[in-house]
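**Student:** Feature annotation from TrEMBL assigns transmembrane segment to 99-117, 129-147, 159-182, 188-207, 219-244, 256-274, 286-304, 316-334, 376-396.
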Amino acid sequence: MASIPSTCFHRYSHSNSISYYTPTPVKVKPISIPRLWKSLGGEVSSFKFKLHACSSTSSSYIGRVGLQRRHGNVSLLSFGSNPKFVSDDEEKADSTSQFLSAMLPYVVAATAVAALVHPSTFTWVSKEYYAPALGGIMLSIGIRLSVDDFALAFQRPLPLSIGFMAQYVLKPILGLLIARAFGAPPMFYAGFILTCCVAGAQLSSYASFLSKGDVALSILLTSSTTISSVVITPLLTGLLIGSVVPVDAVAMSKSILQVVLVPVAAGLILNTYAKPIVNVIRPIMPFVAMICTSLCIGSPLAINRNQILSVEGIRLLLPVLTFHTVALMVGYWLPKLPFWRQDEAVCRTISLCTGMQSSTLAGLLASQFLGSSHAVPPACSVVAMAIMGLYLASFWGSGSRIRDTMGLFRQVRDTSLNA
């Protein structure tokens, strides 16, 4: 078998075709596909491989869908595994992360119950704690990212465009239709529409990590929609509810730096240049992320408890739940349309970014510019999007998949044509 020096494997495309993205292709000699497939642990069959080599790594890999472990860092979004560099500490950290991923939806549900039954449990968490808490979540993601992950995301502008369109075109229209269809109470109507016009939640990046989605794409999409919300959110809100909601661009930029960019960059630098430190903190980061998630959810729910448990608040639950359910569905199936055909990881990421928005920002804007009653829909949305989004992320993270309905339709159509 011909050797492929300095080969880096980045991603896979289809079940019967494997393609690797590389910056500089290198010619290689033909290789025996059956022998290669046997070395990968599979059965001999007819497969089509397209191999390209590059010079960004220094060791060979045994292909496997999952984490790619390189010497010096760990990449979430790559294809391949180098078992020589898999330490016992990394295996234990992965096992702990998987266990907490399965438990997180139950922790979120318990947090919601505790916040409603005993509000004092979370009312001490003021707005000043939100940025550090979300920063802890982002740091837990950053220590598992590599520079190659972001390079791959920037090389795919189409997923970013699809996610941006879903965020600021489909969601506001969907929110307006649902509010009118369910007859949202007047005291909550403006707050509900505002919730549908804000950027994606930083928590969606953590959910993308749990779902084995494209985390770098999620972070880029969340950051870009948050920056653009300085202009787009006031315009959409003014168009849909007839009043302009000003946004403090300086404060929002500071929030982006504190909550997303700084923690992720710190984790990325540690994972690249300080591997021993990462090995020490990695086992505890899942616990830190779980605690931070609980605080970010419990605080707004406890603060707005009385309004949520009122008759009008209970009546608001159905539109909120419907909005998040439909947004998650639309976000998943939109990239799967025949003229886009994005892969599973991208579909999961766009689904979570579409169905999970920055409701805490909507609550802050509503309380400042629309009145305290309009802050109730964002508070309900925080709980709904966290529980639904994290449950869906855990469902995907456990290895489950939503059945490819479009694929079934195409199969039935092809069968009928052949008949």
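Every residue, even glycine, has its Cβ placed from backbone N, Cα and C.
Model, not experiment: these values are computed from the prediction.
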**Student:** For the transmembrane segment (316-334) and the transmembrane segment (159-182), decide whether they are in contact, meaning at least 3 CB pairs lie under 8 A, counting pairs 6 or more apart in sequence.
**Tutor:** yes
**Student:** State, in range form, which of 159-182, 188-207, 286-304 has the highest count of Cβ pairs under 8 Å to the transmembrane segment (129-147).
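**Tutor:** The listed stretch sharing the most Cβ pairs with the transmembrane segment (129-147) is 286-304.
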**Student:** Other than its close neighbours in sequence, what residues sit by the transmembrane segment (188-207), given a CB gap under 8 Å and a spacing of at least six beyond its ends?
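**Tutor:** Non-local partners: 134, 137-138, 140-141, 163, 167-168, 171-172, 174-176, 179, 213, 215, 218-219, 221-222, 225-226, 228-229, 232-233, 236-237, 240-241, 243, 245, 259-260, 289, 293, 296, 312-313, 316, 319-320, 323, 352-362, 365-366, 370, 373-378, 381, 385-386, 389-390, 392-393.
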**Student:** Let me spell it out: take the transmembrane segment (256-274), skip the flanking residues so only those 6+ beyond its ends count, and list any with a Cβ under 8 Å from a Cβ in it.
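**Tutor:** Long-range Cβ neighbours of the transmembrane segment (256-274): 72-74, 130-132, 134-147, 202, 205, 219, 222-223, 226-227, 281.
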